[in-house]
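Accompanying notes for the structure given below.
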Amino acid sequence: MRLIESIREMTAWSREQAREGRTIGFVPTMGYLHEGHLTLMRRAREACDRVVVSIFVNPLQFGAGEDFAEYPRDLIRDSRLAESAGVDVLFAPSAREMYPKGYHTFVDVERLTEGLCGASRPGHFRGVTTVVCKLFNIVRPDVAYFGQKDAQQLAVIRRMTEDLNLPVSVVGVPIVREADGLAMSSRNVYLSPQERQAALVLSRALARARELIEGGERDVARLRQIITETITAEPLAAIDYVSIVDNRFIQPVETLAGECLIALAVRIGKRRLIDNMVVEV
């Protein structure tokens, strides 16, 4: 596996692959890899001739008071894991490389970013779309893989890719969970044992909602009420949002119909965790 840290070298490598007719699968990450990331890499490995993974803790998507400085970083560990998943190139640029002095350009997707995480994290998605657009232009992948756990992010990136005519196929991959149901996240390492146990309330609330839907419940207000009651029964949990939206446009719905997204953001202690479930009725 090759480690690349400069944009020029990364772009030159990608151009060489294109000249030789090889397809590139791309998995953008912020590092501190876990099984969810490795699942994306394996999907890319199965489908593409070459696999590139980026590791970049993007300062643009962190707001004031968020965990940019303490976000877990371990490039040696991540390199070992990426290589074990069959990755060809690990692209790990510095912030100075990505955003040199005088940088003033941003990508902003409207409407889809107004609710859910966009409401409580202003500027977050502008940071996400800016860095992903830059990475697409640098790596020049044929296919890019994203986890469904960040469902709003996935919808926003698909919208950006379509609107800007970027020649990349965006593939969403189902959430990877721990054996007890907790959605895998790099931020799970922050949790104390007690908080780790409390965090299971997210997947438990979604499972309760699924039971109700399978029993015929279609009223969104009723579903939100049950989810909220389930979460608030956990003393360490504080709800940021419980939302049920159309899965494509991320707009609120009153009745379940078609493909909908049930999305949660909950603080467990000091840590903000997200989870979601897509339902089709």
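Even glycines carry a Cβ here, placed using N, Cα and C.
Quick look at what Swiss-Prot lists:
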- 30-37, 147-150, VAL176, 184-187: ATP binding site (BINDING)
- HIS37: active site, proton donor (ACT_SITE)
- GLN61: beta-alanine binding site (BINDING)
- GLN61, GLN153: (R)-pantoate binding site (BINDING)
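Annotated features, which come from Swiss-Prot, shown on the structure.
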{"residue": "MET30", "record": "ATP binding site", "contacts (Cβ under 8 Å, 6+ apart)": "ILE55, PHE56, VAL57, ASN58, TYR71, SER186"}
{"residue": "LEU33", "record": "ATP binding site", "contacts (Cβ under 8 Å, 6+ apart)": "ARG77, ASP78, LEU81, ALA82, SER186"}
{"residue": "GLY36", "record": "ATP binding site", "contacts (Cβ under 8 Å, 6+ apart)": "GLY147, LYS149, ILE175, VAL176, ALA183, MET184, SER185"}
{"residue": "HIS37", "record": "active site, proton donor", "contacts (Cβ under 8 Å, 6+ apart)": "VAL27, THR29, VAL53, LEU81, GLY147"}
{"residue": "GLN61", "record": "beta-alanine binding site", "contacts (Cβ under 8 Å, 6+ apart)": "GLY123, HIS124, PHE125, GLY127, VAL128, VAL131"}
{"residue": "GLN148", "record": "ATP binding site", "contacts (Cβ under 8 Å, 6+ apart)": "LEU154, GLY172, VAL173, PRO174, ILE175, ASN276, VAL278"}
{"residue": "GLN153", "record": "(R)-pantoate binding site", "contacts (Cβ under 8 Å, 6+ apart)": "CYS117, PHE125, VAL128, PHE146"}
Point to revise | Number of other Cβ atoms within 10 Å of the Cβ of VAL176 (ATP binding site) across all protein chains | key: 18
**Study point:** Conformational class of MET30 (ATP binding site) under the three-state DSSP mapping
**Key:** coil
